[in-house]
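K.L.:
First, the structure itself, so that you have it in front of you.
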């Protein structure tokens, strides 16, 4: 029995040594990244390849981008801030899907390239940085703040029941990363007039807030052919949302509110 136990320990040690050797070996992964520099407008956009050792890199795509920028190419440009899916800064198209680089895990298969582009159908500032000027202008247009004609008689904050507060769940969590809007074909075709899934979900968030007193005006603002009705329920918005929200459902609720107002 002692002999067998000894053999077991030797086997365990050999197994651990083998695992350590495997971990210490380099595992290079190819990242092909969209590059464009406005300072050299004559040069066309291109895909540039970088190799990253996965054994010396964090698990997320943003970790790889930061490693590339710090160690290989300081000219690589992208947005990032919180690194935990809260700010929405690092939204980009990874492997054909709009998502947040800080929440997107690196595929560990070394034979599969990771292709990274800026959010689609947006003007590009540089490399992976989209121009969100129009997106934020549209967000501003819905007046995303509490509007009340009068203050509470007792001077306190506007109270809200638990049931009314629950109506905001699945709406207020939006981080305005623009993943959903830039995945929407209707927004690609009409982004100057169609507000897009992200902005419309926020419009609905204020429409159903029991503390707000501008519901009629908010509905009237959306009562036209372009603001809401360009949504054709393709539902790319819901599929791509990195926060697991459902902009498509919010837009459907707006249409119902306008139809039965």
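Each Cβ is built from the backbone N, Cα and C atoms, and glycine gets one as well.
Pasting the relevant annotations from Swiss-Prot:
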- 82, 87, 90, 102: [2Fe-2S] cluster binding site (BINDING)
- 174, 177, 180, 241: [4Fe-4S] cluster binding site (BINDING)
- 184, 231, 237: [3Fe-4S] cluster binding site (BINDING)
- 189: ubiquinone binding site (BINDING)
- 31-122: domain '2Fe-2S ferredoxin-type' (DOMAIN)
- 164-194: domain '4Fe-4S ferredoxin-type' (DOMAIN)
K.L.:
Per 10 Å Cβ neighbour count, which of the binding-site residues 174, 231 ranks highest?
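P.N.:
Neighbour-count leader: 231.
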K.L.:
How far is it from residue 231 ([3Fe-4S] cluster binding site) to residue 189 (ubiquinone binding site), counting Cα to Cα, in Å?
P.N.:
11
K.L.:
Please work out the mean pLDDT for the residues of the domain '4Fe-4S ferredoxin-type' (164-194).
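P.N.:
Across the domain '4Fe-4S ferredoxin-type' (164-194), the average pLDDT comes out at 96.
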K.L.:
Just name the winner among 90, 177, 180, 241 (the binding-site residues) by count of other CB atoms within 10 A of its CB.
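P.N.:
Max Cβ neighbours within 10 Å, all protein chains included: 180.
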K.L.:
If you run through the domain '4Fe-4S ferredoxin-type' (164-194) with DSSP, how many residues end up as helix, strand and coil?
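P.N.:
Breakdown, helix to coil: 12 helix, 0 strand, 19 coil.
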K.L.:
Cβ within 8 angstroms of the Cβ centroid of 82, 87, 90, 102: which residues besides those meet this for the [2Fe-2S] cluster site?
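P.N.:
Same chain, not in 82, 87, 90, 102, Cβ within 8 Å: 62, 80, 81, 83, 84, 85, 86, 88, 89, 100, 101.
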